[in-house]
Amino acid sequence: MPEPVAPRPSRYKDSPTAWLIFAVGVFAYFSAVAQRTSFGVATVEAADRFQTAASGLSLFSMMQVLVYAALQVPVGVLVDRFGPRILITVGAVAMAAGQLQLAAAQSVAEGVVGRILVGAGDAATFVCVMRLLPVWFSALKVPMLTQVVGMTGNLGQLFSVIPFAALLHVVGWVPSFAVMAAIALLAAVLSGLFLRSNPPGARELNDAISLATVRTSMGQAIKEPGTQLGFWVHFTVQFVGNTFALMWAYPYLQNAQGLDPTQASAVMTVYVVFNVAVAPVIGKLSARFARRRSTLSLACVLVSWAGWTALLVWPGHAPAVVVYVAVCMIALSLPASMLAFDIVRSFNPPQRNGTATGLANVGGFAASLLAIYVTGLVLDLLFGAGITPTLYDADAFRPAIAAQALVALVGTVAILRCTRKVRRVHGPDSV
């Protein structure tokens, strides 16, 4: 007769051990976001180093995002089987290797290999950190801690915007990316030493991993209307700010708005600080208006695109106050995208939470991939046809950024359809 599985000891919930594990997990995510966004800070330098056009430059971020998105479901399955500790540690090592590869790269192909490694390691981090929350903390704390994870990620981007950008301008390409690799290695060491996938005596991992098990888990997660809604919320909300931060922020601010590197860094600092400041507000709104999370996500989409619209229709260079306010409106999309995971968690059991979260997380990065490609393509087409005098001309950025609205339109329609489906299956007050 098989021995019964020991129940999870409630005394470990919200314990000092839980908070230590949370601290290490969010540091790993801090590092991952810093690695992810570091290339966006260096795009102007990368264009000179690799002598490439906009579409070639966008290849770095496109491949990084493609690998990240492609690995979300496998990571979700693996974390449900092996737990977060192994995957976060291995992911941090992969990111360190990728940053060292980028530091030494002399060609676009070599640099892209580095970003692929960063994307792969990054893919193993967020889903795994999210997997730790319901295991180590009480249900009432999880929504707010979800936003804290997002806030910490924003601090990772702030690290890219200020210390890394300053280091890049002072010591150059190779030492700067070597420092980023060292931070990733530190995250790997701390994760390997201190993370624990479950409290002692608890077992919330799948006992075996097989094709049939994976197929069943994925099938159940995909069929769940709440997972579908989470995917499309993340798809529609997150890509606006993600595309801006990962790829086009510095080229746009310096070329279309006429800012120098210091001014552009100041704008991006405010962008990140706003992310951090507004994240707890989103968390509280999500908890208070849990029955209207879908409506809340669409409102955030509207605000973000209102920010872009103000910049794109303003004749010439927008005044500084308009730039700062508009960029903050765009920044809202990143903390607001965390609503997707709150939705997913509400409709999936712990045993497939990693798989469902991974599926939802694909959404924003798939949309980012499309938006990055479309923007680079339009810039190259306008310059190649002689319509604009320079590659990053202000008049070229207007249609290039506006083309991203097609992605938002598709996602908005999908959110509306999935919301109706969730409410039909789970009740009118479910989302």
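Every residue, even glycine, has its Cβ placed from backbone N, Cα and C.
TrEMBL does not curate its annotations; it predicts them automatically.
Per TrEMBL, the features are as follows:
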DOMAIN    21-423  domain 'Major facilitator superfamily (MFS) profile'
TRANSMEM  56-79  transmembrane segment
TRANSMEM  86-104  transmembrane segment
TRANSMEM  116-136  transmembrane segment
TRANSMEM  177-195  transmembrane segment
TRANSMEM  229-250  transmembrane segment
TRANSMEM  262-283  transmembrane segment
TRANSMEM  295-315  transmembrane segment
TRANSMEM  321-341  transmembrane segment
TRANSMEM  362-384  transmembrane segment
TRANSMEM  396-416  transmembrane segment
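Sequence-remote contacts of a segment are chain residues at least 6 beyond its ends whose Cβ falls under 8 Å from one of its Cβ atoms, and for the transmembrane segment (229-250) they are 36-37, 39-41, 43-44, 58, 61, 64-65, 157, 261, 264, 268, 271, 275, 293-294, 297, 300-301, 304-305, 308, 330-334, 336-337, 339-341, 343-344, 356, 359-368, 370-372, 375-376, 401, 404, 407-408, 411-412, 414-415, 418-419, 421-422, 431. Cβ atoms under 8 Å from those of the transmembrane segment (396-416) belong to residues 229, 232-233, 235-237, 239-240, 243, 248, 252, 255-256, 294, 297-298, 301, 305, 308, 312, 363, 367, 370-371, 374-376, 378-379, 382-383, 387-388, 390 of the same chain, restricted to positions at least 6 beyond its ends. Sequence-distant contacts of the transmembrane segment (86-104), counting only residues of its own chain at least 6 positions beyond either end whose CB sits under 8 Å from a CB of the stretch, comprise 25, 28, 31-32, 35, 38-39, 75, 78-79, 110-111, 113-125, 128-129, 173-178, 180-182, 184-185, 187-188, 191-192, 195. For the transmembrane segment (262-283), the residues of the chain that approach it from at least six positions outside its boundaries are 41, 143-144, 146-148, 150-151, 154-155, 157-158, 161-162, 165, 241, 244-245, 249-250, 253-254, 300, 323-324, 327-328, 330-332, 334-336, 338-339, judged by C-beta separation under 8 angstroms. Residues 8, 12-15, 17-18, 21-22, 25-26, 28-29, 32-33, 35-36, 39, 63-69, 71-72, 75-76, 79-80, 83-84, 87-88, 90-99, 101-102, 142, 145-146, 149, 153, 184, 195, 197-199, 202, 204, 341, 345, 350, 353-354, 357-358, 361 of the same chain lie 6 or more positions beyond the ends of the transmembrane segment (116-136) yet place their CB under 8 Å from a CB of it. When each of 56-79, 295-315, 321-341 is checked for Cβ pairs under 8 Å to the transmembrane segment (362-384), 56-79 comes out on top.
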